[in-house]
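Okay, so here's the structure we're looking at.
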Amino acid sequence: TPVSERSLPTPTILILILCCFSQALFNLLIPDHAADAFSPPRLSEPGLGDLLLERLLGGLSRWDAEHFLFIAERGYLYEHNCAFLPLYPLSLRAVAQGVLWPFQRLLRFRSRLLLSAVLLNSLFSVLAAVALYELGRLVLGRRRVAFLAAALFSLSPANVFLAAAYSESMFAFLAFSAMWQLEKGQSWLSGLLFSLAAGARANGLLNAGFFLYSHGKGFALQLQGGSGSVRKLPPLWKRLLSLVSSAALVCAGIFLPFVLFQYYAYVRFCDSGTGPEPPIPRPLLELALDKGYRLVAMDGVKPPWCSQRFPLVYSYIQDAYWNVGFLRYFELRQIPNFLLALPVTLLGSWAAWTYLAANPRHCLTLGLERRKSEEEGKPRAGFCGPAVFVYVVHSTVLLAFGFFCIHVQVLTRFLGCSSPVLYWFCAHLLQEHEPLLWSEGTGHRATAPRSTKSLLSKSGSGGKGASENPVVMLLTNCRLITPLSKCVLGFFVSYWLLGLVLHCNFLPWT
């Protein structure tokens, strides 16, 4: 039965509503942990609307969300705020001052920013699921697996970060949309979306690799074409010059937002001659003194990173404030965090090994060798198809970097909001090994066993709704599914739930 693209946003919206309701409930029932996290003072008395909104959505403003909301309200006042790139806070501010301006008498600015975050993230999450489906349709060549992957994204183990005032949902939407447009051949639109993604999160810089690979692969396949086709092409040096110039131009565009922000931070914190700064409210000054936060250099004392040959505030903050670096997190006391990242580490490694084992020659030649199936126009479909290669490489690089160089517990959201491979591979496992998903006409498996069909019919889960929402169908028939399916779905559901319980009450999470 063909899946309906129009039904895809529905489960995403329902899960977002459930997420907001659940975090409000958990926030009401569980007292907040007294975490040593960034918590700036409120400078104005909250009204009744502010108190009500905080009660309903306050769980979505924890941990790094406080940074984003503070930046949107006050700008980059403290040095360590510069670890968070500006596109998302600017978007929050624009919505709060524009769309939500009529509510200014009911809600103070900070409350409108929080409401803006919930509205924007809901929109971005739905659009990201649609973009992931369209991308999967082109890359995997199997609509059912693409739909299943997008449905899994709606139940992402990183779901709390897609709903909270974090930049993850915006980044996922921009990154998946850019990959989709690149697969469609829309290079310039893809470059623009990748550039915007790099303005939301620093790991968006790695997406330049998609452009370099796409252009390099096209050039390599041209060189392997027949003699007749080569004579119709421009001379080799012209093609090479065009390749290098276009790739350099697009990559420069992707890096531009990050570079401009580093320059902005340098001017703000290192250049004391930029003019008088507006007065800083006393409570914010006291917070800086109490916590040791560095303010704008009004007294002429410059931060140490200003004198570096390449003054990058981002890398300095990661090093000085959060001790991010190669193998720095490999300590005995961090074992619980490594266990927290174990499921996504195993899935990412398993995905890379599965692809390598299925395509050893393709991987050794970096996918640059023309294959007979490509010449015949019938490339292999599914997760192990040739088009998935660059995505597996991207996912593996993110996994290795996250495991060895950053706080390992963030791996779940790091991969879940940056790479489609986590969802594609889990969808591949479910489609390959779960009989409840096998049906006639898929060109993949035979029909489900008769005993399974009868049980499904008795449970009322074998109708149209099940075919349109495979994740819900599997969850409602959890007693019938295979142990592998239980493990995959158990990971998604448990992390979805634990994230809401822990993160929304200032307890440590990913």
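Here the Cβ of each residue, glycine as well, is placed from N, Cα and C on the backbone.
In TrEMBL, annotation is done automatically, which means it is predicted and not curated.
The region 'Disordered' feature in TrEMBL is assigned to 444-465.
Sequence annotations record features per position, and here TrEMBL assigns transmembrane segment to 12-30 (among others).
Within its own chain, the transmembrane segment (113-133) is flanked in space by residues 5, 8-9, 12-13, 16, 20, 53-54, 57-58, 60-61, 65, 68-69, 72-73, 91-93, 95-96, 99-100, 103, 107, 146-147, 149-151, 153-154, 162-166, 169-170, 172-173, 176-177, 179-180, 420, 423, which lie at least six positions past its ends and keep a Cβ under 8 Å from the stretch. As annotated by TrEMBL, transmembrane segment applies to 113-133 (among others).
Residues annotated as transmembrane segment in TrEMBL: 145-167 (among others).
The transmembrane segment feature in TrEMBL is assigned to 188-213 (among others).
Under the heading transmembrane segment, TrEMBL lists 240-261 (among others).
Under the heading transmembrane segment, TrEMBL lists 338-358 (among others). Taking Cβ pairs closer than 8 Å, the transmembrane segment (338-358) reaches residues 157, 383-384, 388-389, 392, 395-396, 399, 402-403, 408-409, 411-412, 415-416, 421-422, 424-426, 491, 495, 510 in its own chain, all 6 or more past its ends.
Remote same-chain residues near the transmembrane segment (388-406) are listed as 139-140, 179, 203, 206-207, 209-210, 213-214, 318, 324-327, 329, 341, 345, 348-349, 351-352, 355, 359, 362-363, 366-367, 414-415, 418-422, 424 (criterion: CB distance under 8 Å, separation of at least six residues from the stretch ends). The transmembrane segment annotation in TrEMBL covers 388-406 (among others).
Under the heading transmembrane segment, TrEMBL lists 487-509 (among others). Through the fold, the transmembrane segment (487-509) approaches residues 19, 22-23, 26-27, 30-35, 37, 59-60, 62-63, 152, 155-161, 164, 343, 347, 409, 412, 426, 429-430, 471, 474-475, 478, 481 of its own chain, all at least 6 residues removed from its boundaries and within a Cβ separation under 8 Å.
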